[in-house]
Structure formats: C-alpha cells, structure tokens
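**Q** Reproduced below are the annotations present in TrEMBL:
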type: TRANSMEM; residues: 21-40; note: transmembrane segment
type: TRANSMEM; residues: 88-109; note: transmembrane segment
type: TRANSMEM; residues: 116-136; note: transmembrane segment
type: TRANSMEM; residues: 178-202; note: transmembrane segment
type: TRANSMEM; residues: 209-228; note: transmembrane segment
type: TRANSMEM; residues: 274-293; note: transmembrane segment
type: TRANSMEM; residues: 305-331; note: transmembrane segment
type: TRANSMEM; residues: 402-428; note: transmembrane segment
type: TRANSMEM; residues: 440-459; note: transmembrane segment
type: REGION; residues: 466-496; note: region 'Disordered'
type: COMPBIAS; residues: 474-483; note: compositional bias 'Basic and acidic residues'
Amino acid sequence: MSNLKPLTMESGENDLKQGGFPTRYLVAIVGAVGLLPIVGNRKVFALVMTHMTSSENSSFSEELLFTHCTVFNTSRDKHVEMAGDTMFLLHSAYHAGSPLLTIVGTVLSTRVSPKLVIASVVMTSGLITLCLPLVITSSTPLLFTLRLLQGALDNIQQSCNTGVLSAWSTDADKSRLFSIYFTGAYSAPAVAALMTAATMCYVNWNATLYIYGALGMVWSVVWAVMIYDTPEAHPSLSKAQLDFHRKHGADVQLSSAKVQRSIPWRHIVTSSSVWSVFTGFFVHSYVYAMLVVQQPQYFLDSFNINIADIGLLTTLPHVGLSIMCVLGGVLSDRLLKSGLPLTFTRKLLFTTGKLTEGLCLIGLFFTSDWRAAVSLITVGVTVGGLAESGYHPLPADLAPQFAGVIAGFVSMGAIGSFVSTLTASFVSGKSKAIGDWQQLFLVSGVLDILAVVMFDVMANADLQPWASGSSDPPRSESERLLPDSDPSISKTSADRLLPECSDRNAENSVCFPGLLYSECILSDNVDTMRLIESEEFAEGHGDVVGYGTCTPSKGMLVKEKDK
C-alpha cells in the first residue's frame, strides 16, 4: 500500500528528486526575464523624454556614479521642444492603452495557445520600441498612437502569463512562483534606469530604445520555443514532475472553444474577491506610475539633478522591491506551511506592504531634501514588495482554470496609471514646483491606505464554486465521490466502491457518471477501481495506479485492497 501523506513543501521537493530542476520554476524565470523589456521600456521612455525635453544644464553638485558624460551637448545628444504637460500626456497615452485589448487578449488565450499570444504581442511591442527613436523626433501624433498601442499590447502579456503560471503552480509554492515572475517587473525599472543612464551618458541618446526593442523580439522567440501552456502539454517533462503536478497542481485544461464558452463572466464580475484584486491593482498602478514614469521628472523639477544621476537614484527603490518580492513569496509559503489560513496570509502581507508604502509616501509631503526623499521612497517601495504576495496570486487561488481571464479583468485597473499621469500633468506639468509634487505623493499615500481597508474587507482566497466554469454549487466530498445515477449507493459514505459503467467508452476504462465528468478514465485494471479526490480518503484503501484529470478536480484511481 502506498503511504500517502498530506501536502507539504518537503513532499513536493522529494517528489522531484528524480525529476531534475523543476520546470515550473523555469517557466517563472523565463517569464520574469520577459518582463525586463516589457516593463523596462516604460522607464527607458520616461528617462529619454525627461532628458530630451529639458535643455537646461544641471546645477546638481553631488558626484555620483556617472561623471564626465561624453554625450551631453554633442551630436549624439538630442533635445526637442515639448511642454511638460504634453510629455505627461504621452505617458498617459501608454497607460490609457493598457486596458483596451486586455480582455480581448486574455479571452483569446482561452481559445488558442496563451504562450503564442504572449510571444506575438511581445514581438509586436519590440518592433514599436525600435520605431520610437525616429518617431520621437518627427511626429508627436504618431508617437501618441504608438504609445497607446504599445500599452495595450504590454498589458496582454502580463495577463496571459498569469494563466500560464496558474497552470504550472502547485499548492506547495504558488506564492513563490508568482513572486519570481513579478520580480522581473520590479527589477526591470532598476535595470532600465542604469542602462539608460549609462548609454545616454557615454553612447547615444537613443541606444537603449534599440537595445530594448531587440531584446523583446529575441525573448518572444525563446518563449515560444521553450515554454508550454500546461505540464500535460510538455512533451519532455519528467515523470516525477508530471506526477507531482497531477497530485498537487491546478487542474487547468488546454485552451479550447469549450473552455472559452465556459468562462463564468457573471460570477467573475460580481465577486467581491475579484474586485478586491481590482482595487489593489488600481492603486498599485497609480502609485507605480508615480515611481516609474513620474519619479525622474520629480527629481529634475525639485532638485535639478542630471539625467544620469536620476537614473542611479531611481534604481535603488526597485532593487529593494525586487528582493522583497522574492522574500515575500518565500515568507508566504512558510506562513501557509505553519498552518495560517490562506486568506489571512494574503491579507497580512498586503496590509504590511501597502500600509508601510503609504506612510512613506505621505512622509514625502513633509520633506524638501533629496536625500530624505530617496530614503523614504526606497524604504516604502521595498517593504511594499510584501503586498505582491498578497494580491498577485489571488486569481490562481480563486479559479486556476480562469486565472488569466480574472487577471485580464482586474488588469483594467491599470487605468490607475492613466489617472496618475493625467493628474500629474495638470498639477505639476506646467509649474514644476516641489509643492505640487508633495501634494501628488500625499494623494498616493492616502490611496495606499484606502486600498488596505478595502482589501481587508473584501478579499477571500478560497477556491470559488464557479472555478470549474459550472454554475452548479460545489458538492461535498462524498457527493463528488459517488454517482448520482446509482441510487443503490449511499451518499453518506465515501468508502463505498464506485461501480463500473454499464457501457464502457473504451477498453480498459471505467467511467463514473454523476461526477460532473464527461470522460471515462483509462486504467490497466478496472476490476475494482474507484475515483478518490482526497489523499485522506485514499489512505488505507489501496494503491494509487493512475490519476484522473477531469474537471472540476483531480482524482486518484485506487485499486481496492483484497478482502
């Protein structure tokens, strides 16, 4: 008899001893690398435009990393005439584009391969980035159009990737996988800031745009070749890893017309838990726009720092955020292992991160010193990384099959970035006064605190009744185990054998009518097979001989012990 044990992180690691490096971590890492050019191009564009629209020489006297720049005021440098509020509107165009195609893209990914949707949009976004140097100096209306389209494409990539991660995640390390993935998003501005500062100082004003466009296109090819939508679709996944996913992973079907038709839209848009994630994403987008897009302009307007040093200073918060994002994922998994409820753990991390970030942003309202400003932003953003393990995994918690669709819906909260940049253009776009920037940070801090209140009231990380796409309420354990079609079998005991189907659909198969399954499940021996959906029920009943992969949940085929 197999000795089945409750799920722990250790049990998952033991299952993979013979399976090599876990492929699900490779999926998260490659996805994180893809976020470097996608998210990084926002920082690159912001720094490039901040420099190009300011023809004044810096009066900043501190000696930081980049000194004796060879590009400034040469033929390799470039400046354009553009009002400050016009530049903010360019940033707003990108963020306005973010929600436009998100739902279309994520719904499409339930019909066709999501990995191919991701590869296609990243390839197209890379081409747009390659065109930006020419368009910046020639046509402002065309620049608006391209940034609008790029914002729409980039948001699709992150939403679809949530669906892929959901298919590859397990109960043992879901938070860790999502944290690794989103580390790419939060380290991207740091990498982009340093690279842009260095190239604008020593190479050319537009070099980083070409680099990032090419990187996006190369990554899209690597992703399409290396990554598969689900563990079941991976042709060379080791048996140890495949068995582990079948026991502890999410039961996510491959994209199909059937899956697309089963999307429970009514339940998604009326779920308070989904709206809690939407609220968190809206506020995160609002604040993140302040820190990625508007922060360079804040340091230029308030302290007249040159663009190379701005690139260095704005790197620090994102380095801290990236580190904390990974640590938060590890902490989340350990808290869950210790026995803390899933919902409580998600709320604890979100509250700690966002509350600290909000208080630091409010502190910026009271300071006029660049050192204090850098310190407050760095501490707030770093600790704020804990919140990422609070709300990012929630779509996969609520409904693994439709995690990408939920992520697409809540990512419309990216409109918060549009609201943020539009507000900044009206408040400080013309005056460029430090007092106006202080008011903007005060509003951001208050929004963080309000998001904490709403998330703590509304969020629930439990698997939802509609997670399988069925409108029927979830059944109890024994109701799911026993067929409706055989009244002779009591539904009060899960220990009764399930009878074979009177008409088999295939040789060496047994099907279980009434379990919301439409397929028979193949097995080598059908004499006394039964479907067990819980390891606790399987304990003591027999040896596991196979696994079922039907919705709404997985099961183990167990051969009954000899009487």
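Glycine is treated like the rest: Cβ placed from N, Cα and C.
All annotation found in TrEMBL is predicted automatically rather than curated by experts.
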**Q** Thinking of Cβ pairs under 8 Å, which stretch from 21-40, 178-202, 274-293, 305-331 has the most of them with the transmembrane segment (440-459)?
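**A** The stretch with the most contacts is 274-293.
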**Q** Top stretch among 21-40, 178-202, 209-228, 305-331, 402-428 for CB pairs under 8 A with the transmembrane segment (116-136)?
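**A** The stretch I would name here is 209-228.
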**Q** So which of 21-40, 178-202, 209-228, 402-428 is most in touch with the transmembrane segment (274-293), counting Cβ pairs under 8 Å?
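**A** Comparing 21-40, 178-202, 209-228, 402-428: 402-428 has the most Cβ pairs near the transmembrane segment (274-293).
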**Q** If we skip the immediate neighbours and take only residues 6+ beyond the ends of the transmembrane segment (178-202), which ones have a Cβ under 8 Å from one of its Cβ atoms?
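**A** Long-range Cβ neighbours of the transmembrane segment (178-202): 25, 28-29, 31-44, 47-48, 51, 65-66, 69-72, 158, 161, 165, 169, 208, 211-212, 291-292, 307-312, 314-316, 318-319, 321-322, 325-326, 328-330, 332, 385, 388-389, 392-393, 396.
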